[in-house]
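To start, the structure itself, in structure tokens.
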Amino acid sequence: MYSIYEAPFMKEMCEMTQNLWRNGWAEKNGGNISQLLEASEIKHYLDTDRYLWTEPLGFDASPLAGNVFLVSGSGKYFKNVQKNPADNLCIIKVSSDGASYHLLWGLENGGRPTSELASHLKCHIVRLSQDPDHRVILHTHATAVSAMTFVHDLDEAKFTRTLWQMITECLVVFPDGVAVVPWMVAGTNELGEASAAKMNDSRIVVWAHHGIMGAGTTMDDAFGLVETVEKAAKIYMQIAHFPTGIKQAITDEELVALAERFNVVPKAGILKEAGGVK
């Protein structure tokens, strides 16, 4: 076996947690990440049939039976991941019946996987049903989009349209729009179920007054989605409350033209023309 610290997926996780912390989106122990690992990725680094311990999940994860995930730990600080991955991360395997998980590696000084494990696994189930190339769920406390949930209507169509109007690239990056979940108690199966339901048709779920969850085929993909939403929200928060108001923005007609140029289909019900007829 090779050193797991040299595994590309481990190096990428360490880099990503540093990026999130440096952006100010992972204060204290805030934020969590999970990545589905392919057998070909992990076979040279870890014996996936050797378990350190097993714990019940408390929900049915049978669609993920036998799958292995690299997951951030509960109560762990993203800023510490790079200097001590084995204490702050873990690798888990969903049991054959989907009722529990096995710890394969990590959490060397004790602990459990992220308290949002239910949200992560439920969202993985949904996204894999929509996209077999899906791999990553990322949750972080992005500042501007969290602030936006206090002052903007939480209607998903209105929220998405505002973001699309802030930066030209937004419609191209997330034509499937942004889903919004109202404030719910963190770390619960209920929040996981609500988030997963939203991920049937959107890769981005905003948790009102809390943060954002993004799904992607790679770490860069998931991070890029969150990064783009956050930048659009930051622009909105900087301009929306000027006494003059917003004097001009990208129009629906211009967004339709943009979608046609980049061959994307805007989520229905948001724009007044073409792919998003109201």
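Think of each number as a place in line: the chain as shown, counted from 1.
Just so you know, glycine gets a Cβ as well, placed from its N, Cα and C.
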Have a look through His44, His210, His241 and flag the one Swiss-Prot assigns to the Zn(2+) site that His139, His141 belong to.
His210
Excluding His139, His141, His210 themselves, the Zn(2+) site's Cβ centre has within 8 Å the residues Gly30, Gly31, Thr140, Ala142, Ser146, Ala186, Trp207, Gly211, Ile212, Met213
Rounded Cα distance in angstrom between His141 (Zn(2+) binding site) and Glu116 (active site) is 13
Please report the number of other Cβ atoms within 10 Å of the Cβ of Glu116 (active site).
26
